[in-house]
Amino acid sequence: MELVRVGQAFFMIRDNRMYDEASNSRFQCRALNINEDLGQIKYIFSDKTGTLTENKMEFQCASIGGKDYSNAKDSNEDGQTALAACNTIVPLTVDTPDPAVKLIDYQGESPDEQALVYAAAAYGYMLIERTSGHIVIDIQGERQRFDVLGLHEFDSDRKRMSVILGCPDKTVKVFVKGADTSMFSVIDRSLNLNMLKATEDHLHAYSSKGLRTLVVGMRELSPSEFEQWHSSYESASTALMGRAALLRKVASNIEHHLSLLGASGIEDKLQQGVPEAIESLRKAGINVWVLTGDKQETAVSIGYSSKLLTSTMTQIVINNNSKDSCRKSLQDALLVCKKLSTDSVATSGGSGNRANQVALIIDGTSLVYILDTDLEEQLFDLSSKCNVVLCCRVAPLQKAGIVALIKNRTDDMTLAIGDGANDVSMIQMADVGIGISGQEGRQAVMASDFAMGQFRFLVPLLLVHGHWNYQRMSYMILYNFYRNAVFVLVLFWYVLFTSFTLTTAITDWSSVLYSVIYTSVPTIVIGVLDKDLSRTSLLKHPQLYGAGQRQESYNGKLFWVTMLDTLWQSIAAFFVPLLAYWGSDIDGSSLGDLWTLAAVIMVNIHLAMDVIRWYRITHAAIWGSIVATFVCVMVIDVLPFLPGYWAFFHIAGTGLFWLCLLGITIGALVPRFVVKVFIQYCRPDDIQIAREAEKFRNSRDPQDAQIEMNQILDPPRT
């Protein structure tokens, strides 16, 4: 089975449809034991920035001093100084063909910071030099040096960063930028209420356009404040234990009572093919959840543009600041879902079609009071009744908590996909983790099971390769049980018939080679190459993916039916030769060779009956294994030092031997053939219907062929 998984991984890696030219990266298979899980995914948990979007930021607009400076120059020096200085960007000088002309390229970990620094440079505040102790900013043609006295980097708890600068006028200022939810809590609201209200309105307008927003603030430090901060900063920086927590505490002590400078809006465009990919995944019966740290308005706007949300959906919004209010909101939302479900059933005449689709939008603050509490069960019930779930302003651990909410309460397969370090916990929590090779490093890739360059590659990965792998592995597991059980049952009937004597009719070499040579190669070839449907059909009809979600190819019923079939075939293989040679002078070793050959021919023709796509290597593997068995049996029987010397040639010289082989094969496989024909023509499933449609594509226009798929309905939850 591991060889089969390696072969499947090879073809996934070499699939040019999952090759990203922009990053020159191919699909990576970092885990070889879950290929078949890709065909059973029910929930996808996706990050937004860098996963659904390109993570290539472009500055669009700014609000400075309460005024909207979209597409206009700004005259606020502190505001532009904050954009140029409050970051970890490193400016690099780039030579040009003209020796007198130099260009500056800004390098940094965050695309947001790059976009803001480029915007500041466009407004005449150009960062041209950075060292560990100072920065140089060209302000309208005049170079000014700022001493970097301290830097508090961004973290997911504070959701902001700050820099303490010694300015040319000998003052010391702290510049802070971060998410609006974290910044407005440290802004001094008594300074300018009108500007604060105007900035909030601008932020709402920016986020409604799908822009990423940041708020910038500043405060001048007195000498005593600076000395107190500097002492605490030095102590925290040199601490051997708990350094990160101490630095966070120092940062929180300095980041308060800030003067609001303004806000910015940055555009992060959707990746190519994201709306189409989400639409295909939802048609396949997969629930797509988006977990993002952005503002609610930004997340909703991206939801509409990516076709995750539609105008016909009923939106349930939960934004609360206490456990009691969260409890009431969840109860009200459950009542709304119940009413919509009742109305839908009444409208559709009891057919069960859910006409009223529901989208749940919940923020990170509400999740603080819900996750890991008694409200989790209500959130699970609510989310199970929703078609779309959109979580905004969530922290990394909350992302993992959302995945665990579903994973721990259902048997459904979950998949998490992200591109940054803040997605690692979510990726590791899900059954299948996928990392995007993006702009935010390789932490997500290193923690994932699979890696790829674009979100849209999920469609061929799941709907094509996932479907193929699930079908192949499901059949391979059942077939391996069958082919081994047949041979063991033949030995069992012999032992039972001979009253448990210590003799054996089948040589030890044949027993070993049965699983090593006689039947193993066809299993591997079919497990790697066989395809029940073409790529075109699987992409055209995403509903076909539901076979894996419903476990149609491997379940308890199929297993026991296979075992009954195995029992019958073993009886035919053992008793037909026994009765045919009853009373003859054929010894046990000769019968043993006949049983071995009959079992090998039987299991290989059984496999041939189920092969969908025939290749040259498939023919060579199946028929070659039968020929190899004859050769090995003859070689074993010509060696005088092995038991059963010349047994094969003794029995093969009679016509009854070949008649027995034919009779065993027909008698053992006819019942299976009859059942397959009955099911295919009387009770076909979606895959069989689609396969029949493929057969007629050469004789008619494929656009004229219409295939009616079974509707994918979630089972009602009580």
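Just so you know, glycine gets a Cβ as well, placed from its N, Cα and C.
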According to TrEMBL, which of these ranges is transmembrane segment: 116-133, 512-529?
-> 512-529
Looking at the stretches 444-464, 485-506, 558-582, 594-615, 648-670, which one shares the most CB pairs under 8 Å with the transmembrane segment (622-642)?
-> 594-615
So, do the transmembrane segment (648-670) and the transmembrane segment (558-582) meet, by the test of 3 or more Cβ pairs under 8 Å (sequence gap 6 or more)?
-> yes
Going along the chain, which residues at least six beyond the ends of the transmembrane segment (512-529) come within the CB cut-off of under 8 Å?
-> 1, 3-4, 7-8, 11, 472-473, 475-476, 479-480, 483-484, 487, 596, 599-600, 603-604, 607, 611, 613, 615, 617-618, 621-622, 624-625, 628-629, 632
Counting only residues at least 6 beyond its ends, the same-chain positions whose CB falls under 8 A of a CB in the transmembrane segment (558-582) are 478, 481-482, 485-486, 489-490, 492-494, 497, 591, 594-595, 598-599, 602, 606, 656, 659-660, 663-664, 667-669, 671-672
State the residues, same chain only, that lie 6 or more residues beyond the ends of the transmembrane segment (594-615) and have a CB under 8 A from a CB inside it; answer 'none' if no residue qualifies.
-> 475, 479, 482-483, 486-487, 490, 494, 505-506, 510, 514, 518-519, 522-523, 526, 529-532, 569, 573-574, 576-577, 622-623, 625-626, 629-630, 633, 651, 657, 660-661, 664-665, 668-669, 672-673, 676, 691
Tell me, what is the mean pLDDT of the domain 'P-type ATPase C-terminal' (445-684)?
-> 90
